[in-house]
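Student: Take a look at the following structure, please.
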Amino acid sequence: PAFFILVGIPGMEKSHTWISIPVCMMYCAALFGNLVLLVTIMKERSLHEPMYIFLCMLAVCDLLLSTATVPKTLSVLWSLSQNSRGWKGPLGCLAQMFSIYFIFVAESAVLLAMAFDRYIAICDPLRYTAVLTCSVVGKVGVAALIRSFCIMFPAIFLLKRLPYCGHNIMPHIYCEHIGVARLACADISVNIWYGVAAGFLSAGLDVISIAISYALIFRCLWGLPSPPASSKALHTCGSHLCVIAMFYTPAFFSFLAHRFGQHVPQHVLISLANLYVVVPPMLNPIIYGVRTRQIREHVAHLL
């Protein structure tokens with residue numbers, strides 16, 4: 001099609017303006033919180049450690065993920081631009097789709113790197129500085145970007161090969177892989193199963209690896225003779241576990257429901273798809289700012 005028409009949340013058109021208010025507020029909070037976090041870590045040399053560098057990567061991913069979706073979402077909810085002509089045709093829609101999933105997979109890799117960081121810091125602290133050097137941290141970031149590109153790039157060609165027969169009305173607030181594929185007048189089984197495979201090879205394997213890391217961490221903490229030491233170590237992991245739960249829970253539910261939940265109401269699917277690109281970016285800097293003393297002190301000094 002020459003362009004795709006985004007119609008927002010079907011059945012809730014009269015509430016679009018009211019829905020846009022919390023979305024806009026959460027986006028502003030995400031921008032402010034992550035920018036403050038980035039500036040704080042960059043300005044304070046004492047925070048130039050692997051843990052905080054990974055936190056910077058997470059903040060950048062959050063900024064990019066929310067910015068790739070929320071401005072277009074707000075324009076649809078405010079009825080300023082309901083089609084993708086503002087994106088210069090269907091290529092703009094595909095570019096947004098690629099950006100969302102590319103950043104999502106990269107952020108998943110960063111969360112895995114942060115779990116490995118906690119594992120080394122707690123289970124093998126004497127080798128922490130030797131294992132997680134600046135060079136290793138940089139290579140982890142590059143590897144996350146390369147993996148994201150290799151996993152998500154084929155999805156563009158899987159969509160471009162489909163015949164659309166003039167169907168261009170998409171019941172969504174941003175361009176999403178299966179949402180675009182369902183406009184085609186052809187079998188989309190390949191797209192569905194590629195999405196499942198891509199999700200398993202990226203976020204699925206990351207979740208399994210994170211679970212293994214924390215199983216080893218808890219086993220190590222179980223053997224510590226000092227309860228205060230175990231409590232302090234668990235406190236350092238608490239922020240990361242909260243972020244993991246917020247990031248993966250709505251994302252996996254939305255991912256599976258879009259492919260296999262034919263009986264789930266459409267407005268529920270679209271609302272969940274909006275949650276995982278807005279809520280984690282807003283809450284991540286708050287969680288780390290409140291629970292991490294060094295960041296809390298430096299942010300207070302900065303402000």
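Any Cβ shown, glycine's included, is placed from N, Cα and C.
So TrEMBL says this about it:
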type     : residues : note
DOMAIN   : 33-288   : domain 'G-protein coupled receptors family 1 profile'
TRANSMEM : 18-39    : transmembrane segment
TRANSMEM : 51-74    : transmembrane segment
TRANSMEM : 94-116   : transmembrane segment
TRANSMEM : 128-157  : transmembrane segment
TRANSMEM : 192-217  : transmembrane segment
TRANSMEM : 238-256  : transmembrane segment
TRANSMEM : 268-288  : transmembrane segment
Student: Do at least three C-beta pairs under 8 angstroms join the transmembrane segment (192-217) to the transmembrane segment (51-74), pairs 6 or more apart in sequence?
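Tutor: Between the transmembrane segment (51-74) and the transmembrane segment (192-217), which are separate recorded stretches, there is no contact, as judged by 3 or more close Cβ pairs.
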Student: Please check if the transmembrane segment (128-157) comes into contact with the transmembrane segment (268-288), where contact means 3 or more CB pairs closer than 8 Å and the residues in each pair are separated by 6 or more positions.
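Tutor: Checked: the transmembrane segment (128-157) vs the transmembrane segment (268-288), no contact.
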Student: Give the nonlocal contacts of the transmembrane segment (238-256) in its own chain as ranges (CB under 8 Å, at least six residues past its ends).
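Tutor: Counting only partners 6 or more residues beyond its ends, the transmembrane segment (238-256) has Cβ contacts under 8 Å with 58, 104, 107-108, 111, 114-115, 118, 195, 199, 203, 207, 210, 214, 269, 272-273, 275-276, 279-280, 283-284, 287-288, 291-292.
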Student: Six or more residues out from either end of the transmembrane segment (268-288), which same-chain residues have a Cβ under 8 Å from its Cβ atoms?
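Tutor: Hits for the transmembrane segment (268-288): 9-10, 23, 26-27, 29-30, 33-34, 36-37, 55, 58-59, 62-63, 65-66, 68-70, 73, 100, 171-174, 176, 239, 242-243, 246-247, 250-251, 253-254, 257-258, 261, 295.
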Student: Could you pull out which residues elsewhere in the chain have a CB under 8 Å from any CB of the transmembrane segment (94-116), counting only those six or more residues past its ends?
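Tutor: The answer is 51, 54-55, 57-58, 61-62, 64-65, 68-69, 72, 87, 137, 140-141, 143-145, 147-149, 151-153, 155-156, 159-160, 174-177, 180, 198, 202-203, 206, 209-210, 213-214, 240, 243-244, 247-248, 251, 277.
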Student: Taking only the residues in the domain 'G-protein coupled receptors family 1 profile' (33-288), give me the average pLDDT of this model.
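Tutor: Mean pLDDT across the domain 'G-protein coupled receptors family 1 profile' (33-288) comes out at 85.
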Student: Is the transmembrane segment (18-39) packed against any residues at least 6 beyond its ends, judged by a Cβ distance under 8 Å, and which are they?
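Tutor: Apart from its flanks, the transmembrane segment (18-39) reaches 9, 12, 55-56, 59-60, 62-63, 66-67, 70, 73-74, 77-78, 274, 278-279, 281-282, 284-286, 288-289, 295, 299, 302-303.
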